[in-house]
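**Q** Dumping the structure here so I can ask a few things about it.
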Amino acid sequence: MKGSWVVSTSIIRITLSFTFLFICHFSDVLAAPTRHLCRPEQKDALLKFKNEFEIGKPSPTCKMVGIESHRKTESWGNNSDCCNWEGVTCNAKSGEVIELNLSCSSLHGRFHSNSSIRNLHFLTTLDRSHNDFEGQITSSIENLSHLTSLDLSYNRFSGQILNSIGNLSRLTSLDLSFNQFSGQIPSSIGNLSHLTFLGLSGNRFFGQIPSSIGNLSHLTFLGLSGNRFFGQFPSSIGGLSNLTNLHLSYNKYSGQIPSSIGNLSQLIVLYLSVNNFYGEIPSSFGNLNQLTRLDVSFNKLGGNFPNVLLNLTGLSVVSLSNNKFTGTLPPNITSLSNLMAFYASDNAFTGTFPSFLFIIPSLTYLGLSGNQLKGTLEFGNISSPSNLQYLNIGSNNFIGPIPSSISKLINLQELGISHLNTQCRPVDFSIFSHLKSLDDLRLSYLTTTTIDLNDILPYFKTLRSLDLSGNLVSATNKSSVSSDPPSQSIQSLYLSGCGITDFPEILRTQHELGFLDVSNNKIKGQVPGWLWTLPNLFYLNLSNNTFIGFQRPTKPEPSMAYLLGSNNNFTGKIPSFICELRSLYTLDLSDNNFSGSIPRCMENLKSNLSELNLRQNNLSGGFPEHIFESLRSLDVGHNQLVGKLPRSLRFFSNLEVLNVESNRINDMFPFWLSSLQKLQVLVLRSNAFHGPINQALFPKLRIIDISHNHFNGSLPTEYFVEWSRMSSLGTYEDGSNVNYLGSGYYQDSMVLMNKGVESELVRILTIYTAVDFSGNKFEGEIPKSIGLLKELHVLNLSNNAFTGHIPSSIGNLTALESLDVSQNKLYGEIPQEIGNLSLLSYMNFSHNQLTGLVPGGQQFLTQRCSSFEGNLGLFGSSLEEVCRDIHTPASHQQFETPQTEEEDEDLISWIAAAIGFGPGIAFGLMFGYILVSYKPEWFMNPFGRNNRRRKRHTTTH
C-alpha cells in the first residue's frame, strides 16, 4: 500500500513538473513577438524582380478566359511580409517562396538574362501568363530546378526554346502557348518525363516534332496547334497511352493521318483541322472509345462517310467540313445518341436532305451547307420539340419552297438557307414568326420573287441579323414614315446586290442598327443625313453604287468605325464632317472623283484611324504631316499628289502597307522607312522618285514595287541579304496557314505586274511576295543575293540597264512563278538551274544579248516565242519548239529575231539609197550653187535667222 502511494506521488510530481514547464514555455511564446515568415534574401529577390518590369494595360486575353486583371505587384513593399504579398506563396516552415502567380497582372517588360528570379531557388510554380512580357527565355530559368509548373502563355516571348529546358526534370506542366517562339522544338524536351501537360500552341515553331516526345509517358494534354510543323507525324506519339487531349490544328502536316493515333485509347479530344492530310480516316480510330470531340475540318480527306465513327457512341462533336467526302450520309448515324454538333459543310455529299438527323435528341448544331444535296426540303415529322439551335443548309441543290415544318424548330437561333431554288415562288415570311428565339437569318441568293423590305420587317420582332443579299429587294419609300418607336431590333442588315435604287427610308427608325451593307446596288442621289444619327451604327458599306454626295448631318454620332464608300460618283472635296467621326477605324473612299487636298482636319482621327484608302481620285497638293500616326494601311495611289513623302511616316510604327503609286511625287528613295518594323508592302510605282537605292533594310517586306521611276546606280552584291521575310528565314513566322493583309471588315488590295500583265490583287495573301524594279535606270550586275529570296513569287527587273550574266542563284527561288529580265543588257547563257523551277509559268528574256543553249524543261516549252526575241545567239530544241509557229529555220541557220529582220530591211534601204546617191549628189551641187549665188529673200528668211531663233528657243527650255 505504501509502495503504491509512493508511485502515485511520483507520477503526480512528474505531471505537475511537466505542466509547470508547459505553462512557462507557453507564456514565453505568448510574450514573444510574431515571427516573420519571409526570408530577407527572398524579399530582396522579389523586389528586384518587380523592378524588372512595368505596370501597363490589362491583357485583353484575360477576359477571354474569364479572369479579372489585377495589379498584384502593387501590394509588394519593403514594410510588409513578402509571404503576404498577392501572388506569392511561401513554405510555412522555411519561409522560402515556392509559388509565384502573376497571371493577369497587367505587367510589361523583358525577360532579363540575369533576372533575380533565379535566386528563388525553391520555386515550384511560376505563372506569368496573360501579360505583355517579351524577349527570350534566358538561362535564369535553369536555376529553378524545383519547378513543377511553368506557365508563360499569352505573352510576346520570342526566340527559340533553349535545349537546357530538359534540365527542369521535375516539371509536370509546361505551357508556352500563344507567344512568338520560333525554331524547332529541342529533342531535350523528351527528358521531362514527369510532364502531364505540354502546351506549345499559337507560336511560330516549324520543322518536325522530335520523336523523343514519345518518352513523355505521363502526358495527358499535348497542344501543338497554330504552328508550322510539317513532315511525318512521329509514330512514337502512339505510345502516349495516357493522352486525353491532342491538338494539332493549323499546321502544315501532309500525307495520311497516322494510324498510330488509334492506339491512344484514352483520347477524349482530337483536333486535326487545317492541315493537308489526305486519304481516308484510319480504321484504327475505331479503338478511340473515349473520344467525345473530333475535328478534321479543312483538310483534303476523302472517301465515303467514315463508318468507323459510328461505333464511337460517346461522340458529341464531329466536324468533317471543308474536305472531299462523297456519297450519302448513313441513316444509322442516329446511333451517335450523344451527338450535339455535326458539321459536314463544303464537301461533296449527295442524296436528299437527311431528315433522320432530327431524331437525335441532343443535336444542337447542324451544318450541311456547300454540298450536292438535292430534292425538296423535307424536315420529316418533327413530333417532339427539337433542341436544334443552329441549322445551315445553304448552297446545295435543293428546290421548292421553305417548308412550313421549319416553324416546329422552336429553339432555332441561327438559320441559313441561302442559294435555294424556290422556283420563283414567293417566300412565306410568316413561318418565321413562330421562331421566337431566331437571332440570325440568312436567305441570300434565292430564286424568288421581289421581297418588299417594308412588308417583311414586321415579322421579325427579335431578329438581330438578316441577310437578303443577292435577292431582288424592294425598298420603296412610303409617303409617310411613322415616328413611333421601332418594333424591330435588327442590328445587322445585309442588302448587297439587291437592285435597290433609293436609300431605304424604313431604316431611319432602326435605332439598334449597327451593321449595314447596301453595296453593289444602284442607289443614286445623296447619302441621307439621318443615317449618321443612328446611335449604334459602326459599320456602313456604300461601295459600288451611284451616290453623288453626302447630306451633311446636324450632329453625327461618334460610333462609326468602318465607312466604305468606294466606286461611287462622289465629287468635290472630302466632306469635313468625316473629321468628326472620331471612332473611325477604316475609311475607304477610293475610286471616286474627290478633288482638292487631303483635309487637315483628319488630324482628329489620328488616334483610331488604322486604314485609309483614297486611291483613284483627283486629290492634289502635298501630304499632311503628323495626322495618321496610328495607320496600319495608307493607299493614296492614282491621284495628283506632289512634293515629297512626309518624313513623319517613319513614326507610323504600325504601318504595314504604303501605296503612293501614280502620283507626282519627286523624292529620293525613302531609306528612313526601314525603321518601320511592320512594313510589308511598299509601292512607289510611277512617280518621279530618283537617285540610287543602295542598301535598304526591310526585313518584313513582302511586296516592293518601285517600277517606272528614275532610280539609278547599281545594286550591291549583298543587297537582298536582310530581306528575311522573302527568304526561307521568314517562311514559318506566322501561326496560321492562309491569311490576308487587313482586318476583319477590310482587306488591302493593289495592282501588280505579274506574268506580263497588270493584275489586281483584290486581297493580298500574307504569304505572297513580289519584287518589281522595272522601268528604271539600274545598271551593273543583278546581285547574286537575289537567290536568298526563296519565298519570292514574282521578280521583275525589266527595262533597266543591267549587265553581266543572269545569276544562277535565281535557280534557288523555288516558289518563283513569274520572271522578267527583258530589255536589259544581259549577256551569256540562260542558267540551266532555272529549268528546275517547277512553279515558274512565265519568263521573259527578250531584248538582251544572251547566247547559248536555251534550257530544256516543260517551263521553257510553254513560253511564247516573244519571250526570247532580240537575243541573236540563243538556240536549241526548246527554242525551235516554242517558235515553230512563227518560222521554221533550217538546221544550219541561226535563230532569227524581229531585230535581225529589221536589220535586213535597213540593209536593203541603204542599198537603194546608194543606187540613187550618184545622180542625187550631182543635182544637189548644181541647185546649191544657184541658191548661194542669188540669195533669194524667200529662201533666207524661213531657213536663216528664224531658224537660229528657233534653236535658241528650244535650247532655253
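Each residue, glycine too, has its Cβ placed from N, Cα and C.
Keep in mind the model is a prediction, meaning the values are calculated, not measured.
Features from Swiss-Prot:
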type	residues	note
SIGNAL	1-31	signal peptide
TOPO_DOM	32-910	topological domain 'Extracellular'
CARBOHYD	ASN78	N-linked glycosylation site
CARBOHYD	ASN143	N-linked glycosylation site
REPEAT	168-192	repeat 'LRR 3'
REPEAT	194-216	repeat 'LRR 4'
CARBOHYD	ASN263	N-linked glycosylation site
REPEAT	266-287	repeat 'LRR 7'
REPEAT	288-312	repeat 'LRR 8'
CARBOHYD	ASN311	N-linked glycosylation site
CARBOHYD	ASN332	N-linked glycosylation site
REPEAT	338-360	repeat 'LRR 10'
CARBOHYD	ASN477	N-linked glycosylation site
REPEAT	487-510	repeat 'LRR 16'
REPEAT	535-557	repeat 'LRR 18'
CARBOHYD	ASN541	N-linked glycosylation site
REPEAT	558-580	repeat 'LRR 19'
REPEAT	606-630	repeat 'LRR 21'
CARBOHYD	ASN618	N-linked glycosylation site
REPEAT	632-652	repeat 'LRR 22'
REPEAT	653-675	repeat 'LRR 23'
CARBOHYD	ASN712	N-linked glycosylation site
CARBOHYD	ASN796	N-linked glycosylation site
REPEAT	815-837	repeat 'LRR 28'
CARBOHYD	ASN836	N-linked glycosylation site
CARBOHYD	ASN844	N-linked glycosylation site
TRANSMEM	911-931	transmembrane segment
TOPO_DOM	932-957	topological domain 'Cytoplasmic'
**Q** Just to verify: the residue among ASN78, ASN143 with the fewest other Cβ atoms within 10 Å, which of the glycosylation sites is it?
**A** ASN78
**Q** Going along the chain, which residues at least six beyond the ends of the repeat 'LRR 19' (558-580) come within the CB cut-off of under 8 Å?
**A** 514, 519, 527, 532, 535-550, 552, 586-596, 598-599, 601-605, 608, 613-614, 745-746
**Q** Spatially, which candidate from the glycosylation sites ASN143, ASN332, ASN618 is nearest to ASN263 (N-linked glycosylation site), comparing Cα atoms?
**A** ASN332
**Q** Check ASN844 (N-linked glycosylation site) against DSSP and tell me helix, strand or coil, would you?
**A** strand
**Q** Between ASN143 (N-linked glycosylation site) and ASN618 (N-linked glycosylation site), what is the CA-CA distance rounded to a whole number of Å?
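**A** Counting only the Cα atoms, the answer is 65 Å.
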**Q** Near ASN618 (N-linked glycosylation site), how many other Cβ atoms are within 10 Å of its Cβ?
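**A** Neighbour count, Cβ to Cβ under the 10 Å cut-off: 13.
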**Q** Identify, in sequence order, the residues in the chain of ASN541 (N-linked glycosylation site) that are 6 or more apart from it along the sequence and have a CB within less than 8 Å of its CB; answer 'none' if there are none.
**A** SER496, LEU516, ASP517, VAL518, SER519, TYR562, LEU564
**Q** Where does ASN541 (N-linked glycosylation site) sit by DSSP, helix, strand or coil?
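**A** SS state of ASN541 (N-linked glycosylation site) = strand.
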**Q** For the repeat 'LRR 7' (266-287), what are the same-chain contacts with Cβ under 8 Å, counting residues 6+ beyond its ends?
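**A** Same-chain contacts beyond the flanks: 220, 225, 241-260, 293-303, 306, 308-309, 311-312, 319, 736-737.
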**Q** How many neighbouring Cβ atoms, not counting its own, are there within 10 Å of the Cβ of ASN263 (N-linked glycosylation site)?
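**A** Total other Cβ atoms inside 10 Å, all chains included: 18.
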**Q** How many of the residues that make up the repeat 'LRR 8' (288-312) does DSSP mark as helix, as strand and as coil?
**A** 5 helix, 7 strand, 13 coil
**Q** For ASN332 (N-linked glycosylation site), just count the other CB atoms lying within 10 A of its CB, please.
**A** 10
**Q** In DSSP terms, helix, strand or coil for ASN712 (N-linked glycosylation site)?
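**A** Its secondary structure by DSSP: strand.
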**Q** Quick one: Cα separation, ASN332 (N-linked glycosylation site) versus ASN311 (N-linked glycosylation site), in Å?
**A** 10
**Q** How big is the Cα-to-Cα gap, in Å, between ASN796 (N-linked glycosylation site) and ASN844 (N-linked glycosylation site)?
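**A** It is 9 Å, counting Cα to Cα.
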**Q** So among the glycosylation sites ASN311, ASN712, ASN796, ASN836, who's got the most Cβ atoms within 10 Å?
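**A** Answer returned by the neighbour count: ASN796.
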**Q** Quick check: in three-state DSSP terms, what is ASN618 (N-linked glycosylation site)?
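**A** Its secondary structure by DSSP: strand.
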**Q** May I ask for the distance between ASN712 (N-linked glycosylation site) and ASN836 (N-linked glycosylation site), taken between their Cα atoms and rounded to an integer number of Å?
**A** 32
